[in-house]
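Note sheet for the following structure.
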Amino acid sequence: MSSSLPITGTDKSLDSALRRLVRPVADRARYYLILVAQIGGLLALLKISHGVTAINNYYGVVLPVALALAMTRVRFAAADLAAVRLLQMIGAIAGGYALIHYPLFPIVLPGAKATVAVGAIAVLWVAAVAGGVLCLRWPSLALISATYLVWSKQAVIRVTGLWHGHIIDVLPLAEVSFCLVAGLLVAHMTARIRDWPGLGALARADVAAASTMFSKVLIAAAISIHLGNYYSSFLAKVTLDEGPLSWLLNNDPGKIFVVGLDNNHVPYAGWPVLVEAMRMILSHSSALTNTLILFGQGIALVGILMPRRWLLLLLLGFDVMHLSIIVLMGANFAPWIMLNLAIAAVVVSRHYERPPVSVGILSVLFILTGNTFMTQAWLGWYDTLANNKMYFEAIDRNGQRHYVPTNFFTFYSYPFAHMAYGAPDAAHAFALDNPNGGTQVFRKVTASTACDVPVLTAPDGMGQEYAKTEIDGPAMDAYIRGYHRLVSAIRDRTGLFPYALYPHHFFVPLQYAAGFDTVAMADIVAYVYRRESVCFSMQDGVTVRRVVSEAEHRIDLTP
């Protein structure tokens, strides 16, 4: 049995007063709760995707593809048009890049796993190329195009047995597009709630207002993912071992130019006048270029807080930097250049509104989370006058050797150019960050000037895994033999193998391949993977190359 006390008139008045006081607070809180739930949903999807890929990158493709297909029937609100336009441009970029970055590699491993993997890569490649066009009608399909570029490099080891994994050039396309599609899914689900018949007018208005604000959060988050790559590279430079200003004051880009010439990565190496002109420019501009790079990458943290013109200038400045790097050392970051242009196009469009300060602060916090929800590039090192030059030579029936450009390896040209498979006789290789003679240890900078071999060869556990690890001979040998058979079959059928038309992260100028291109595939009996650890110095204005040690690994085509 229960009983209740009667409510007196005074109590009723107090209850009514409390309700009048609480209701406005509750109504106002509802807007923020909806917005927080939307942001939380977006972060949860980003974290799930990031986590699944970290655990098993082969199955990391499932969520993006499922999300892209599920979102094809969604109609987007006017407030989301900035996100949709950026997504469509990324899709066109990724689809076009996938068209020329076709999956060309041998099937080396036996069994069903390799068969399924190569079939999945082929199907996703077709879908990626098609998605580059179809995303103009169904924007979410852009995610498939961008995902292919990353996933194909991760999945190919199941077919070839040889790791690839060099995804830094295309990863921003995939991560930005996933953020956009995930955010548009959250916006769609919120719209479904807003249209629920049982929702009151005030609540419906709060949902609409929160959704409008979330649209600003979404485009800011997507742009921030890419800005985070630049800011983290700023951190990589200011946290080098000699102090925050060591890179700014001491790094000499003229050294990486010398190493780039040695690696055959400088596009105009055959024109001495241009080479000398670049030397002259670098000798007088390092202080200015270091300052501009460090300043630009540092302020990327607050890019969303900038006025539209400043953000546009920052993005175009980054593209000037990337183009300069191509000229300086041949490193091609075309996907980053095109992504910056796509973001810039959205920023100047009528669909983009400068986010409020609160959203800008959220952008800063998002970037500062580092690799929690995204994978940020960490590009910071000192340039040196030392190099581990690693390259292939083909040996013909007469015993003559022919330099093989890394362009020849098409789909795998990136990791081969990055010397990502260890070094022959690694114990005597320089402990440097391949492939550009870089190091994160300042004492190696001074050691390279004096060619102090004990210091240069001493491992210190910082970014030198490739140089100080012996190559995986069986995996590399099997791949090279299989690839040689594949190229031979293509040339026999078509008479051509235009590998220079493939997109390469490091493009070796055509003149270096002149000798190799005249050799018939049938006349090649072996390949040699060589390492030359060298120091450079200048004498009377001429670069002197001193070979400290050398070693090679021979791959006979008939074992």
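Just so you know, glycine gets a Cβ as well, placed from its N, Cα and C.
Look at TrEMBL and you will find 29-46, 58-74, 86-104, 116-136, 167-187, 287-305, 325-347, 359-381 tagged as transmembrane segment.
A contact between the transmembrane segment (86-104) and the transmembrane segment (167-187) is present, since 3 or more of their C-beta pairs, 6 or more residues apart, lie under 8 Å.
Within its own chain, the transmembrane segment (325-347) has Cβ neighbours under 8 Å at 82, 85-86, 89-90, 93-94, 97, 149, 169-170, 172-173, 176, 219, 223, 226, 229, 253, 256-257, 259-260, 265-267, 278, 282, 308, 311-312, 315-316, 318-319, 436, 503-507, counting only residues six or more beyond its boundaries. With pairs at least 6 apart in sequence, the transmembrane segment (116-136) and the transmembrane segment (359-381) have fewer than 3 Cβ pairs within the 8 Å limit; the two do not touch.
Spatially, the transmembrane segment (29-46) is not adjacent to the transmembrane segment (116-136); fewer than three Cβ-Cβ distances between them are under 8 Å for residues at least 6 apart in sequence. Annotation: stretch 58-74 has the most Cβ pairs under 8 Å to the transmembrane segment (167-187), among 58-74, 116-136, 287-305.
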